[in-house]
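Residues annotated as domain 'MobA-like NTP transferase' in TrEMBL: 17-175. According to TrEMBL, the GTP binding site annotation covers L20, A21, G22, K33, D77, D109. The Mg(2+) binding site annotation in TrEMBL covers D109.
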Amino acid sequence: MNNHAKNSPLTAKNIAGLILAGGKSTRMGGQNKALLTLEGTTLLDHCYSTTAYHLQPILISCGNHRYSHSNAIQIADNGEQGPLAGILAGLHWLRDNSHYQWLLSSPCDTPNLRQQWIPAMIEGLNTVNQQAPVYARHNQRDHFAHALWPVFAIPTIERAFEQHQYSIHRVLQKLNATPVDLSNACPTNSFFNINSLADLTTVQQNLACITSKTQPK
């Protein structure tokens, strides 16, 4: 338990952002998922804009990749151990380089997600008194990689790695994490994640359909 969590409510000024962009993109035909474009903007930049609307600094967990992104801090991680490795690397950076005690993680592959999810997550964290991580729940589905993590979670994550356990869900369970229901805060398709080129095409087609409906006749 974090004995300091009962002080003042957490605000966006007390939180750093982490974009998870270090995956191998095995279903992308050899392309780096983070650099795929949607409406002329990379998925990485979509996520950066959404996160940076509320939070600074922004870290990018880049695995073995390197991105030309001067506005963010790029941190390496073991790309073979999944997104939990990026989360641990981000928490290590916070512990060693800043006064921040909380980190919001967001995968780069949910470009439909808009900025309002962040204040809703912070409100949910304050509701549970900042005693454990919180993760996103939307329309009865859990999204474990979209979460707020405390620096005091580092030992639990490190023990999981020692046991070769790389599941975000399992670590959140060990930390007694709580879901934050974003069903009212975020539109229906907000957490649609792009895992393949077909998924990217689906999002592009949906956006084109929305654009055509909103244009004047």
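Numbering starts at 1 and runs along the chain as it is shown here.
Any Cβ shown, glycine's included, is placed from N, Cα and C.
Structure with TrEMBL features highlighted.
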{"residue": "L20", "record": "GTP binding site", "DSSP (3 states)": "strand"}
{"residue": "K33", "record": "GTP binding site", "DSSP (3 states)": "helix"}
{"residue": "D77", "record": "GTP binding site", "DSSP (3 states)": "coil"}
{"residue": "D109", "record": "GTP binding site", "DSSP (3 states)": "coil"}
